[in-house]
Amino acid sequence: MFDVENLTYQTGRKTLLQQVSFRARPGELLAVVGANGAGKSTLLRLLSGDIVPTSGLVRFDGQPLSEQPAATLARRRAVLTQQHTLSLAFPVAELVMMGRYPHFQGQPTALDHWIVEAALSTVGLSALAGRSYPTLSGGEQQRAQLARVLAQVWEAREGFLLLDEPLTGLDLHHQHHTLDIARDLVLRGFGVIAVLHDLNLAAQYADRILLLAEGQPVAYGPPDQVLTCENIHRGFQIDVQLLPHPHLSCPLIVPCPRRAV
Amino acid sequence: MPTLVQAPAPIVTTPPPQALPGRQPTVLRRQRLLLPSLAILLIGAILVGAGVGAVEVPVPAVVGILLHKLGVSTGLAYEPQQEAVLWAIRLPRVCLGVLVGAALGLAGASMQGLFRNPLADAGLIGISSGASLAAVATIVLEVKLLAIFSGLAAVREALGFYLLPTVAFAGACGTTFLVYRISREGGRTVIATMLLVGLAINALAGACTGLLTYVATDEQLRSITFWGLGSLGGASWPTVLRLLPFLVLPLLWLPRLGKPLNLLALGESQATHLGLPVGRLKRQLIGLSTLAVGASVAVVGAIGFLGLIVPHLIRLVAGPDNRRVLAGSALGGAIVLVLADTLARTIVAPAELPIGILTALLGAPAFLWILLREQKQRRS
């Protein structure tokens with residue numbers, strides 16, 4: 001479980017995040033939404049321990065994050081970042097196997113191999129297991145990295161997944177497929193925190209939503225409470241209409257930009 | 001997750017993973033055979049290197065002498081003169097070649113992994129330039145410094161023949177430490193900054209070396225040139241034994257860092273998320289490489305290109321997995337240096353070519369040939 005208390009982060013004179021508090025539980029998908037520069041990625045970097053908060057505290061399972069060894073943390077929580085720098089010609093299977101490195105010394109076990117297969121099959125890349133990573137398309141690379149992250153916490157109990165814009169570069173099918181994977185994990189007792197841009201996807205898949213604007217929390221709670229016309233306007237400076245979803249109990253958000261009216 | 005109001009379109013489900021046991025990831029045959037083949041090649045290179053020269057020692061004789069030294073009599077025929085030459089001259093030289101070659105290859109592969117840049121080598125963080133500056137300063141300024149600081153005479157006396165290696169090693173460590181210190185920002189070593197700092201410090205050290213060369217006498221110039229191009233000519237058992245303690249740690253430890261280096265290839269924060277202590281890994285890589293290259297350069301002079309090209313060759317054959325690249329670069333470096341040295345002392349016998357010239361002269365075209373061949377294969 002992630003407990004976040006009064007989290008504030010400043011660099012120089014700029015305050016990127018101010019007084020953010022929430023709790024992300026296992027068995028729950030928390031979507032972080034907000035305009036560009038609202039502090040979503042900063043929040044995720046604070047949660048993954050990349051940067052240290054100016055004030056406030058992040059607790060993972062009751063203990064301050066900074067007091068937990070990286071190696072222990074790596075077996076329980078995995079992070080999918082926005083940018084990937086890998087340029088070496090690793091085969092996709094080996095990239096995914098790197099997610100298993102925290103679990104074995106020396107040679108991978110049969111279980112590690114099996115998990116790599118399962119992770120690849122989950123993201124639908126089994127056929128490309130032997131392909132060299134740089135030859136994949138952008139979306140395929142993104143899915144390969146997702147498979148690596150899945151493999152890392154595959155058998156963890158109450159594991160956590162931090163996903164920074166996991167849908168970037170994915171087609172419609174794979175956007176939904178990725179969020180379905182996240183839902184499956186949530187059913188298995190995982191906690192997932194994902195930065196999302198598409199409010200409709202957030203409404204459909206998230207259990208809770210945290211809406212940020214200029215580093216400050218605007219709203220936090222279940223989708224139907226957070227995604228109101230007023231909140232969305234405060235977060236994105238855009239007018240929207242909420243329609244009833246034809247199949248689901250969540251609202252369907254339709255933007256009405258000024259020019260179209 | 002909102003509840004369903006009406007029957008929706010079926011939601012995509014996760015396909016079930018294939019049944020146990022898992023298929024092993026495909027490792028090409030040439031990748032599996034790389035290390036055994038390199039080991040065999042190295043033994044071959046050692047036998048050739050030990051045998052070729054003014055006094056020919058055929059391979060059976062080399063084997064016979066070696067086994068005899070180990071207390072096994074084989075009945076393989078050899079002359080006492082062959083035994084003397086092999087034991088006192090050839091073997092220490094071949095051993096030195098193996099040690100230095102392995103050290104340069106390993107350090108090159110480590111730096112390419114650390115900088116995540118295939119153009120990196122140990123020279124990039126100032127190891128070689130620092131050693132050169134210190135050595136050249138010693139050659140040129142020795143007499144003057146002794147005249148000014150009479151206290152140094154005792155140090156000079158104590159070090160004797162080992163003055164130059166000691167100073168060079170100190171210079172290598174000093175420069176690298178300087179580069180490392182300047183590149184630290186808020187308790188972290190920023191690798192991109194380190195690259196630039198390394199460039200600047202290298203240029204500075206190069207300029208100082210140039211200045212000293214400019215004021216050097218003709219005799220000093222000869223020593224400088226010789227030192228700058230490298231040679232295994234000074235090899236003897238005592239040299240090998242003095243170098244060995246410096247190389248034991250790097251040669252045994254660096255090849256074990258393959259897994260961490262693979263993670264580092266993902267990016268620093270990604271590696272941290274996977275539990276890798278990135279700061280410690282950087283210090284290990286820099287420290288061990290400096291130890292290996294600094295000690296090697298101190299003994300044999302600056303031998304260029306080997307640390308850059310050998311890891312490349314290994315990667316072309318064995319792929320980017322650092323577990324294979326590191327071990328392969330150690331073996332490959334040893335092979336290349338032993339063979340290059342054999343060539344260096346036979347090609348213009350009884351004189352010797354500086355080995356640094358040979359490694360570049362043969363290495364560069366070989367490298368280009370392989371690059372072009374790869375290019376052609378990619379196109380077809």
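Counting starts with 1 at the first residue shown.
Glycine residues also receive a Cβ, built from the backbone N, Cα and C atoms like all the rest.
On a predicted model such as this, the values are computed, not experimentally measured, just so you know.
Summarising the annotation, TrEMBL assigns transmembrane segment to B:33-55, B:61-79, B:91-111, B:123-147, B:159-183, B:189-214, B:226-253, B:285-313, B:325-347, B:353-372.
The transmembrane segment (B:325-347) is not in contact with the transmembrane segment (B:159-183), judged by fewer than 3 CB-CB distances under 8 Å for residue pairs 6 or more apart in sequence. Within the same chain, residues 88-89, 92-93, 95-97, 99-100, 102-103, 106-107, 132, 135-136, 139, 162, 164, 169, 284, 288-289, 291-292, 294-296, 299-304, 330, 337, 341, 344-345, 352, 354-357 sit at least 6 positions outside the transmembrane segment (B:226-253) and bring their C-beta atoms closer than 8 Å to a C-beta of that stretch. With a threshold of 8 Å between CB atoms, the same-chain residues lying at least 6 positions outside the transmembrane segment (B:353-372) that come near it are 225-226, 228-232, 300-306, 309, 312-313, 316, 336-337, 340-341, 343-345, 347. The transmembrane segment (B:159-183) shares the most Cβ pairs under 8 Å with B:123-147, out of the stretches B:33-55, B:61-79, B:123-147, B:285-313. Residues 96, 99-101, 103-114, 118-119, 121-123, 125, 127-128, 131-132, 135, 164-166, 168-169, 172-173, 176, 180, 226-232, 234, 239, 242-243, 246-247, 249-251, 253-254, 257, 261, 325, 329, 332-333, 336-337, 354-356, 359-360, 363-364, 366-367, 370 of the same chain lie 6 or more positions beyond the ends of the transmembrane segment (B:285-313) yet place their CB under 8 Å from a CB of it.
The stretch in closest packing with the transmembrane segment (B:189-214), judged by the count of Cβ pairs under 8 Å and taken from B:33-55, B:61-79, B:91-111, B:123-147, is B:123-147. Same-chain residues lying 6+ beyond the ends of the transmembrane segment (B:33-55) with a Cβ under 8 Å from its Cβ atoms: 61-63, 81-82, 85-86, 89-91, 93-94, 97-98, 314, 317-318, 324, 327-328, 331-332, 334-335, 338-339, 341-342, 345-346, 349-350.
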